[in-house]
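Enquirer: Just passing along the structure, written as structure tokens.
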């Protein structure tokens, strides 16, 4: 299934996302490239990508360049390895497609499930609960997807929220695997569906931003923020954690794996609080400025020329993932989405 996910990624980018991006006028052009220089290239590849003041002074004397010019060269050199807008659009497109599809699949499946309306049903007759084919495929597809995110995180550009997203993916994979092995799939489906409810809105905001539809991007981001906070700070603790911490204890008692299972769920809740704070901070600043602000975790740095003109301008708010997320891969993002 992991191979199928990767094939889906490649084909969707090639045959669907790329033509859509081209029709929207998104060009396959990256940041300004640094001028060729053997000495600086050797320092960049073999020693450091961000030289300190002492090294900059030495290079300045060696090349007879101004220190600011050398800083500009390293900035351009770091940026030229970053993904283009077309690449980021294609990545968000396939994630949007997956998140939206799996969310509606989950809603359609759970709508007829008794534990969706009464969480106590998650623990009746436990662990002797049947595993239907629809439930099995739902679980396996989600597990394969998060494994693909885990692997791609090490091959993609390393972002500032790498550790948070790594913990998130690790906890998610651990929860999916652990709940499946212990036949806690009923409550597991509730957790999966709840987390998918806001992710496709984040990817939709990214797509709108890459296509330069700023108002649509802002609208999607605000909607994402509302759904995220309601589901992660409201429904998750009072619906999911309530049944795993209290209803399970009441109906089946403190089973040996109870502590590990709930420990992973509480870890996710801590991450939800962190991300919600970042989302609220971005949204509040967006209301003041009139649009969602630039992504603070951006991997594409501002050039020296831009800094000369806008040295007093405000910086971005924070990063996205998922990671992200978020790639990403993360859950929090700004209007320019340059980090993605």
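Keep in mind that glycine also has a Cβ here, set from the backbone N, Cα and C atoms.
Bear in mind that TrEMBL entries carry predicted annotations, made automatically and left uncurated.
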Enquirer: Have a look at 76-95, 136-155, 196-215 and point to the one annotated transmembrane segment in TrEMBL.
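Expert: Among 76-95, 136-155, 196-215, the range TrEMBL annotates as transmembrane segment is 136-155.
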Enquirer: TrEMBL tags one of 54-74, 96-116, 285-305 as transmembrane segment - which one?
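Expert: Within the set 54-74, 96-116, 285-305, TrEMBL attaches transmembrane segment to 96-116.
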Enquirer: Select the range from 96-116, 162-181, 220-239 that forms the most Cβ-Cβ pairs under 8 Å with the transmembrane segment (136-155).
Expert: 162-181
Enquirer: So, by DSSP, how many helix, strand and coil residues make up the DNA-binding region (42-85)?
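Expert: Residue counts in helix, strand and coil order: 30 helix, 0 strand, 14 coil.
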